[in-house]
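Undergrad: Structure incoming, see below.
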Amino acid sequence: MTLQRISKDYLKPNYGLILLIVSYFFNSSMVVSTKVLENDPLETSQSRINPLQILLVRMSITYCCTLVYMHWNKQSVPDIPWGPAPCRKWLILRGIMGFFGVFGMYFSLMYLSISDAVLITFMSPTLTIFLSFLLLGEPFSKLEALGSLISFSGVVLIIRPTFLFGEQTQGQQSPQDDIVETQNPKLRLIAIGVSLLGVCGLSSVYIIIRYIGNKAHAIMSVSYFSLVTTVVAALGVLLIPSMSLQLPHSWKQWGLFLNLGISGFIHQILLTMGIQRERAGRGSLMTYTQVIYAVFWDVVLFHHWPNIWTWCGMAVIVSSTIWVINMRASKQNVVATAELLSTSDFELDDLED
């Protein structure tokens, strides 16, 4: 099989999916930086950076990157810096929904274990499929619905929530275990509710970006999201009494913050480009690759090897993802994808200009 045939049969028809897969790699890089900033064993507990403040720094750097990019490519980016007038209300809504998506995850982590919090966010692809069908009129086959369920089952094998697999005893517990997951039913209920609100926000972002399509440059979506999140996070840090502004105090922390901003910028650019080129339901399934990236970083950085359940879950996710990619869309959808690829004004090459 020649490279030309591979490009014609696999790369071009799945160009949007490839962009999404790469974008989630940069998202995983942000997660690693956040984890080190919050849980660095070399730092004292007083030196830990608040998650909302991490979000503030990350999004402010990302917004600065969007401004530099727009002015650097002013010939190909129209209506700088606010985008086309008819799309501005949708871009603002995209920023608001994007903030709810991020806030839901960060808030739930205060009271839920990481596994439970992540598991809830993976309800987003299924919700997106139904929203895209209801609001955008996009078709989705029974096989795609089955593929989403299979992928979700793989996530369950990796996350292994306690309400399905039971309590897993790992020696004597310390008094600080309540920090990992609260035992207060009311706090858990609030955390789950806010997390579900975040899921709705994530799914809404897919729908809004897909609705905007190519009517606005992809950088505008990133710009509005980062600006809205920066403003809201700054207000939270300034107005919430229990929070105070804490600057990084080492070159390592500054480097991690810089990686947060740059990776966030690249992630949002590729994510928007991928969503614009792929149906919302099929594209949202690529979020499951984040689980694979998480395992990769665990092994490389923290020397934590997956157990048998994790390997089984990875196999299920990879298999179902490949299955979805190779599913033949209807003749109508293939023509639409070809037209979208041929008329798009925003390509990866633009990032190199």
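Glycine residues also receive a Cβ, built from the backbone N, Cα and C atoms like all the rest.
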Undergrad: Do the topological domains in Swiss-Prot put Pro51 and Lys215 on a single side of the membrane?
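TA: Judging by the topology that Swiss-Prot records, the two residues are on different membrane sides.
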Undergrad: Would you kindly list the residues that approach the transmembrane segment (283-303) from elsewhere in its chain, counting only those six or more residues past its ends and only Cβ-Cβ distances under 8 Å?
TA: 16-17, 20-21, 24-25, 27-28, 31-32, 118, 122, 124-125, 128-129, 144, 147-148, 151, 154-155, 158, 203, 206, 274-275, 310, 313-314, 317-318, 320-321, 324
Undergrad: In terms of Cβ proximity under 8 Å, which residues at least six beyond the ends of the transmembrane segment (255-275) contact it?
TA: 16-20, 22-24, 26-27, 29-30, 33-34, 36-37, 54, 57-62, 64-66, 69, 206, 209-210, 218-219, 221-222, 225-226, 248, 283, 286, 346, 348, 351
Undergrad: For the transmembrane segment (52-69), what are the same-chain contacts with Cβ under 8 Å, counting residues 6+ beyond its ends?
TA: 30, 34, 37-38, 77, 81, 102, 106, 219, 222-223, 225-227, 229-230, 233-234, 236-237, 243, 245-246, 257-258, 260-262, 264-265, 268
Undergrad: In the domain 'EamA 1' (24-160), how many residues does DSSP call helix, how many strand, and how many coil?
TA: 104 helix, 0 strand, 33 coil
Undergrad: Please report, as numbers and ranges, the same-chain residues at least 6 past the borders of the transmembrane segment (117-137) whose CB is under 8 Å from any CB of it.
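TA: Tertiary neighbours of the transmembrane segment (117-137) are 104-105, 108-109, 144-145, 148-149, 151-152, 155-156, 159, 161, 191-192, 195-196, 198-200, 202-204, 206-207, 210-211, 279-281, 284-285, 287-288, 291.
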Undergrad: Within the same chain, where does the topological domain 'Cytoplasmic' (70-94) have neighbours whose Cβ lies under 8 angstroms from its own Cβ atoms, ignoring anything closer than 6 residues to its ends? I mean 6 or more beyond.
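TA: Contacts with the topological domain 'Cytoplasmic' (70-94): 204-205, 208-209, 211-212, 215-217, 219-221, 223-225, 228, 345-346, 350, 353.
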